[in-house]
Amino acid sequence: MGRGTLALGWAGAALLLLQMLAAAERSPRTPGGKAGVFADLSAQELKAVHSFLWSQKELKLEPSGTLTMAKNSVFLIEMLLPKKQHVLKFLDKGHRRPVREARAVIFFGAQEQPNVTEFAVGPLPTPRYMRDLPPRPGHQVSWASRPISKAEYALLSHKLQEATQPLRQFFRRTTGSSFGDCHEQCLTFTDVAPRGLASGQRRTWFILQRQMPGYFLHPTGLELLVDHGSTNAQDWTVEQVWYNGKFYRSPEELAQKYNDGEVDVVILEDPLAKGKDGESLPEPALFSFYQPRGDFAVTMHGPHVVQPQGPRYSLEGNRVMYGGWSFAFRLRSSSGLQILDVHFGGERIAYEVSVQEAVALYGGHTPAGMQTKYIDVGWGLGSVTHELAPDIDCPETATFLDALHHYDADGPVLYPRALCLFEMPTGVPLRRHFNSNFSGGFNFYAGLKGQVLVLRTTSTVYNYDYIWDFIFYPNGVMEAKMHATGYVHATFYTPEGLRYGTRLHTHLIGNMHTHLVNYRVDLDVAGTTNSFQTLQMELENITNPWSPRHRLVQPTLKQTRYSRERQAAFRFGQPLPKYLLITSPKENPWGHTRSYRLQLHSMADQVLPPGWQEERAVTWARYPLAVTRYRESELSSSSIYNQNDPWDPPVVFEEFLRNNENIEDEDLVAWVTVGFLHIPHSEDIPNTATPGNSVGFLLRPFNFFPEDPALASRDLVVVWPLENGSTYAQRWIPEEDQSCLKPPPFSYNGSYRPV
């Protein structure tokens with residue numbers, strides 16, 4: 001539907017405003033008390049929005065599963081966050097609750113000019129109006145930029161089966177499999193993006209693979225380029241074919257050359273282990289599967305997390321309380337986990353910390369390998385939050401939470417146990433000290449247990465699994481972390497492919513790639529009036545004051561304040577100061593500005609040259625850190641459309657910096673990019689392991705408190721030596737219930753001696 005179709009006149013706009021104001025006055029309470037202002041839509045709300053949209057006859061909606069692109073259908077419904085100023089007035093000043101609205105994305109494929117249009121629908125829970133949500137000024141959402149739907153995948157699968165009919169004998173001989181009518185020996189595919197070479201195109205390379213556990217690691221050597229830009233699937237065509245290092249104009253040409261003996265054929269081995277009589281063993285020993293192989297001596301169960309007196313955190317709706325912490329959360333279907341209204345010690349330190357985007361940028365020798373630049377919000381990053389397994393994905397003691405997504409469906413879909421919340425020991429003390437008497441004994445020992453609260457979810461974007469953690473420490477430190485695991489994106493082995501990756505199996509190249517993740521960090525440090533400054537070390541060379549004949553070199557502190565956005569946008573390749581501070585004009589008792597420090601843990605680097613073709617969709621990836629002034633028009637660094645139209649995306653982060661606004665004593669947002677280069681290696685078979693493949697950042701109080709706020713923790717032990725040679729241990733935790741899980745009595749002897 002064209003945006004002009006539902007344009008409102010001044011009278012209509014006035015009526016809409018009155019409806020919204022009236023709705024705000026009588027908006028019902030939502031789960032989680034005031035935190036409900038951030039809560040994801042309930043199943044009832046999602047259904048109400050869907051029903052309201054269907055009641056608008058001018059939209060001419062059809063079910064999303066209808067197998068045609070020439071239809072109007074709802075693609076996404078999710079909660080639309082109210083404006084920050086309205087939320088803060090509601091939370092802090094007792095103003096009325098903001099209107100609760102949904103964001104609805106509709107694909108209008110039945111229009112003469114197919115398009116994608118977004119609407120705000122409200123008020124919830126009983127919608128009565130809808131209004132346009134236009135893209136940023138100067139941008140549009142092209143029809144070709146929409147994410148691929150299940151219906152489109154079904155049509156593409158049919159097209160691939162149809163187009164490869166001339167290759168049935170070729171497939172049987174080279175792979176032992178086929179498309180369609182294949183029983184247990186089938187072919188499947190992986191599609192890559194961007195889909196084409198210029199804006200408006202929808203031309204996708206497909207990797208054909210053998211269907212079996214871990215099929216991502218079983219390419220057949222055949223890749224096809226399909227043009228599927230038309231709303232009529234009958235018009236879709238296979239434009240090119242690549243097989244084992246050579247290009248062909250069509251499947252028919254490859255089939256003909258194969259029949260003529262002109263194709264360099266690779267016969268793929270049977271991946272299943274064989275018995276003595278040539279029959280497949282009952283349990284396949286697939287290299288791409290998780291089945292144990294090899295021998296470890298340990299066959300006992302490992303340690304478990306226990307909570308003898310139950311959890312020390314509480315959960316009310318979408319509000320979490322833990323020690324000094326309080327925060328709300330939501331699992332946004334489009335982009336993932338958001339932490340909101342973060343308080344510590346009763347004081348807000350952040351309004352929002354959220355995942356914005358995750359990309360994986362590849363190189364390769366095959367056309368699919370060299371084309372792959374995954375921008376994962378375009379693949380439903382926030383909606384692929386599948387079930388978490390107790391004792392593996394999260395401790396058995398965790399609280400598991402379900403999620404609802406209305407994404408490419410005709411109603412809300414329940415994802416059980418999509419999130420988990422748990423406390424765990426870190427295995428490292430938060431702090432400790434052994435105070436030696438330097439005579440074989442000690443004056444005291446003191447230590448504070450390392451305990452953290454973790455909120456976790458995952459995103460399984462086809463081959464890759466991202467584990468998303470927000471971690472809360474008892475000393476006011478918060479950490480955001482991403483762990484990468486799952487299957488590597490792999491292509492067919494050719495000798496030339498070794499320039500772009502590692503040979504992982506007989507016919508397999510693991511393609512090198514860079515993972516980058518972007519976060520939005522809206523810190524409110526002692527209020528919304530903040531500035532940005534850095535601290536660095538500089539060496540000085542001075543005359544030694546107590547020995548003037550000598551020189552002294554020592555570190556000094558260099559403080560830099562930044563007044564403009566461009567100054568605070570640090571590009572990859574330029575030095576990034578170690579101490580990155582969001583500061584308040586308020587001071588702590590010792591005269592220092594109350595601040596929070598950003599500390600990045602990352603091995604990221606610039607991957608694409610600035611301005612190079614698809615790079616326009618990920619301009620945030622130019623900067624490990626950029627600090628901007630808060631604007632309601634700059635809430636996300638990416639969009640669900642950037643993947644499929646990276647050449648003219650509707651969201652270009654670089655534009656956030658173009659006006660170069662003042663950032664002194666303003667409401668500030670930090671945009672953080674972390675990541676790492678992944679050169680696959682044989683130990684990535686069957687899956688990439690998490691150790692060494694985790695990145696993130698810390699938010700650390702820096703002169704924010706007068707002393708360590710973890711002094712309030714009771715997980716402390718202080719041990720004193722007594723004159724009789726024994727020790728006295730002071731503890732502040734409650735006595736544990738008698739049970740088989742009771743740990744042994746605490747003991748400590750601080751002496752040391754030669755032996």
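Using the three backbone atoms N, Cα and C, a Cβ is placed for every residue, glycine included.
Residues or ranges marked as signal peptide in Swiss-Prot: 1-24.
Summarising the annotation, Swiss-Prot assigns N-linked glycosylation site to Asn115 (among others).
A simple way to gauge crowding: the CB of Cys182 (disulfide bond) has 16 other CB atoms within 10 angstroms, across all the protein chains here. The disulfide bond annotation in Swiss-Prot covers Cys182-Cys186 (among others).
The feature active site, proton acceptor is assigned by Swiss-Prot to Asp376. Just so you know, the Cβ of Asp376 (active site, proton acceptor) picks up 25 other Cβ atoms within 10 Å once every protein chain is counted.
The disulfide bond feature in Swiss-Prot is assigned to Cys394-Cys420 (among others); the stated evidence is similarity to another entry. Secondary structure at Cys420 (disulfide bond), taken from DSSP and collapsed to helix, strand or coil, is strand. In sequence order, Leu388, Asp393, Cys394, Ala398, Thr399, Phe400, Leu401, Val454, Leu455, Arg456, Thr457 are the residues of the chain that are 6 or more apart from Cys420 (disulfide bond) and have a CB within less than 8 Å of its CB.
Per Swiss-Prot, the feature active site, schiff-base intermediate with substrate maps to Tyr464. In the three-state DSSP assignment, the secondary structure recorded for Tyr464 (active site, schiff-base intermediate with substrate) is strand. The number of other Cβ atoms within 10 Å of the Cβ belonging to Tyr464 (active site, schiff-base intermediate with substrate), over all protein chains shown, comes to 23.
Sequence annotations record features per position, and here Swiss-Prot assigns 2',4',5'-topaquinone to Tyr464.
Residues or ranges marked as Cu(2+) binding site in Swiss-Prot (evidence: similarity to another entry): His513, His515, His678. The Cβ of His515 (Cu(2+) binding site) has 23 other Cβ atoms within 10 Å, all protein chains considered.
Within the same chain, residues at least 6 positions away in sequence whose Cβ sits under 8 Å from that of Leu668 (Ca(2+) 1 binding site) are Asp522, Leu523, Asn530, Ser531, Phe532, Ile582, Val627, Thr628, Arg629, Tyr630. Marked as Ca(2+) 1 binding site by Swiss-Prot: Asp522, Leu523, Asp524, Asp667, Leu668.
DSSP assigns Asn541 (N-linked glycosylation site) to a strand. As annotated by Swiss-Prot, N-linked glycosylation site applies to Asn541 (among others).
Look at Swiss-Prot and you will find Glu565, Phe656, Asn659, Glu661 tagged as Ca(2+) 2 binding site, backed by similarity to another entry. Listed in sequence order, the residues of the same chain lying 6 or more apart from Asn659 (Ca(2+) 2 binding site) and placing their CB within less than 8 Å of its CB are Glu565.
According to Swiss-Prot, the feature N-linked glycosylation site maps to Asn749 (among others).
Take the mean position of the Cβ atoms of Glu565, Phe656, Asn659, Glu661, the recorded Ca(2+) 2 site; other residues of that chain with a Cβ within 8 Å of it are Arg566, Thr628, Arg629, Arg631, Leu657, Arg658, Asn660. Taking the centre of the Cβ atoms of Asp522, Leu523, Asp524, Asp667, Leu668 as the Ca(2+) 1 site, the nearby residues of that chain (Cβ within 8 Å, site residues left out) are Ala350, Tyr351, Val525, Thr528, Asn530, Ile582, Tyr630, Val669, Ala670. Following the DSSP three-state reduction, the secondary structure of Asp376 (active site, proton acceptor) is helix. Between the alpha carbons (Cα) of Asp376 (active site, proton acceptor) and Cys182 (disulfide bond) lies a span of roughly 32 Å. The Cβ of His513 (Cu(2+) binding site) lies under 8 Å from the Cβ of Ala360, Leu361, Tyr362, Gly363, Thr372, His489, Leu677, His678, each of which sits 6+ residues away along the same chain. Nearest in space to Glu661 (Ca(2+) 2 binding site), taking C-alpha to C-alpha distance over the recorded positions Asn115, Cys182, Cys186, Asn541, is Asn115. Under DSSP, Cys182 (disulfide bond) is assigned to coil, being neither helix nor strand in the three-state scheme. Counting only the Cα atoms, the space from Cys186 (disulfide bond) to Asp524 (Ca(2+) 1 binding site) is about 55 angstrom. Closest in space to Asp524 (Ca(2+) 1 binding site), of the recorded positions given as Cys182, His515, Asn541, Phe656, is Phe656, taking the CA atom of each residue.
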